[in-house]
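Database features (TrEMBL):
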type	residues	note
DOMAIN	27-477	domain 'Major facilitator superfamily (MFS) profile'
TRANSMEM	20-40	transmembrane segment
TRANSMEM	82-101	transmembrane segment
TRANSMEM	113-132	transmembrane segment
TRANSMEM	138-159	transmembrane segment
TRANSMEM	171-189	transmembrane segment
TRANSMEM	201-223	transmembrane segment
TRANSMEM	286-310	transmembrane segment
TRANSMEM	322-344	transmembrane segment
TRANSMEM	351-372	transmembrane segment
TRANSMEM	384-411	transmembrane segment
TRANSMEM	423-447	transmembrane segment
TRANSMEM	453-473	transmembrane segment
Amino acid sequence: MAGPAVAGQGGSGRDNGGRITWFVVLSCMMAAMGGVLFGYDIGITGGVSSMEPFLKKFFPRVYTRMRGDTRISNYCKFDSQLLTAFTSSLYIAGFFASFFASSMTRSFGRKPSIIVGGTAYLAGSTLSAAAFNAYMLIFGRVLLGVGVGFANQSVPLYLSEMAPARYRGAFNIGFQLCVCMGILSANLVNFGTEKIKGGWGWRLSIAAAAMPASILTLGALFLPETPNSLIQRTNDQQKAKLMLQRIRGTTDIQEELNDLIDASMISKTTHHSFDKMSQRKYRPQLVMAIAIPFFQQVTGINVITFYAPILFLTAGLGESSSLLSSVLIGIVGTSTTLVSMLVVDRFGRRALFFFGGIKMFVSQMTIASIMASHLKDHGELSKGYACLVLVLTGIYVAGFSCSWGPLGWLVPSEIFQMEIRSAAQSITVAGGLIYTFIIAQTFLAMLCHLKAGIFFFFGGWVAVMTGFVYLLLPETRNIPIEKMDQIWKEHWFWSRFVN
C-alpha cells in the first residue's frame, strides 16, 4: 500500500550529493517560529481562562459558578458561550485569513505571508493585553487569528520546500516542535503570573506573546525565498539555481532544478487551482486536505491544550496545581515531538501514526472509565485518581505528539503537486481552523452534557482515523516532493483515480 522509497534523493527533487547546510537550518529555524505563535496562544488561552481575576473581570457568571454555586454540575461550571467565543474567535478569523494567505503565498511568495502573519499576531497580542471588556478581548483574538492563518499557511510549505527529501520529515516537524515549545512557554508563564498579587498577571501572560511575534516578524525580513517559489513566481531560473546551490551546499543540482522547472511549467497552466482540486486525478490530495486536519482535531487534543487547567480543576486539583499540571503536560508534548523529529525519516509516517493512535485510544478510554466511575456531578476525585488522570493525560499527549500532532502538518505539506500546492495547503489550514473553531466553541457544552462520555467520543474517532491511515494513506518517507504523485499511482485504492 505504500509508495516506493527513493533513498538518497533530496529537496524538491534529487539530492545529488547535497547536504544539510547551516543556511537551510537557520532559515528553517526562523520560519518555524511561526509555530511558537500558534502554540503560545493555545497554551495561554486555557491558562488565563482558569485564573480567577480574569474570569471575574470578563466572565463573572463563570466565576460565580466556579466559586460558590454548589448546584451546578462539576462538568458544567465553565459552560459559557461567551467564554468559548473568547477561545474560538481566533480560529474562525484564521479560517477566513487562510484563503487570503493562499493567494499571497502563491503570488508574492512564502516570505511575505510569514511577515504578515507575525505583524498581525503582534497587533492582536497588544490589543488583547490592553483589553478592558470582553468584546475588546475578542477583537484582539481576531487579529491573533489572522496572524495564525497566515503563519500556518506559509510556514509548513516553506519548511517542506527548503528541506532535503531524506530529512524533510525532521525539518517539517520543527513546526510542531515550535508549537509544543509555545504551549510549554505559555504554561510556564501562566504558572508564574497566576501568583502575581493585584489580579493583573493574566495581562502579562497575554502580552508576552509579543516576544515571539516580534522575533518572527523581524527575522522573516531576512529569510530567503524557496527555489520553488522563485521558479513559480518569476521564472528566473538563474536566481533559483543559485539559491538551490546555496541551500544544498553543492553545485550539482541540475536534476533537481529540472524537476522544479517541469513542475512550475505545469503549475503555470493552472489558473484556477481551487477548481482544479475537484478534478478526478487530484481526488486523493483533496481527500487528505480535508480529512487529515479533521482527524487531527477529533483526536480530542483541544480538550487538553485549550482546557487542561479547567479539566484538572474539574478533577479536583487547585488552581496552582492545575497550572503546574499543564506545565508537566507541556514538557511531555515537547520532548515527545523532539523524539518524533529524530525518528520520522527512519521509521516513516505510517508507523508513527499507528503507534500514536494506539497510545491515544488506550489512555482516553481509561480516563473516560475513571471519570465515569469516580467523578460525579458534585464532589471531587480523590488525589490518587486525580494523579492517575494526570499520568494518563501525559500518555495521551505523548501519543499525539509523536503522531497526529507533527504528522498532521507534515503529510499535507509534502503530498501536493506545485500546481495545486498553495490552494491545497489553504484548504488544509482552513479546514483545521474551522474544525478547531467547532471543537473550541462546543467543547464546554459537550463536557456539560456528555460528561465523562466526551472521552469515549474522541477515543472512538482515534480508532476510526487509525484505520483510515492503514487503508488509505501511503508512505511518503524519502519521496522527493515534486515526485510525490507516484505514490498515488501505485496505491491499491487511489490508482483507479489518478491513472
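The backbone N, Cα and C atoms fix where each Cβ goes, glycine too.
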If you count Cβ pairs under 8 Å, which stretch among 20-40, 201-223, 453-473 touches the transmembrane segment (171-189) the most?
20-40
Where else in the chain does the transmembrane segment (423-447) make close Cβ contacts, counting only residues six or more beyond its ends and a cut-off under 8 Å?
75-76, 78-81, 83-85, 87-88, 91-92, 94-95, 98-99, 101-102, 105-106, 145, 148-149, 152-153, 156-157, 273-274, 276-277, 285-286, 289-290, 292-294, 296-298, 302-303, 306-307, 408, 412-413, 416, 454, 457
Among the recorded stretches 82-101, 113-132, 351-372, 384-411, 453-473, which has the greatest number of Cβ pairs closer than 8 Å to the transmembrane segment (322-344)?
384-411
Would you confirm whether the transmembrane segment (138-159) and the transmembrane segment (20-40) meet the contact rule of 3 or more C-beta pairs below 8 angstroms, pairs 6 or more apart in sequence?
yes
Recorded stretches the transmembrane segment (201-223) and the transmembrane segment (20-40) touching, at least 3 CB pairs under 8 Å:
yes
Count, for each of 20-40, 113-132, 351-372, the Cβ pairs lying under 8 Å from the transmembrane segment (384-411), and report the range with the highest count.
351-372
For the transmembrane segment (20-40), sequence-distant contacts whose Cβ falls under 8 Å of one of its Cβ atoms, 6 or more beyond its ends:
110, 114, 117-118, 121, 147-148, 151-152, 154-155, 158-159, 162-164, 167, 171, 174-186, 208-209, 212-213, 215-216, 219-220, 222-224, 246-249
Do you know the mean pLDDT across the domain 'Major facilitator superfamily (MFS) profile' (27-477)?
85
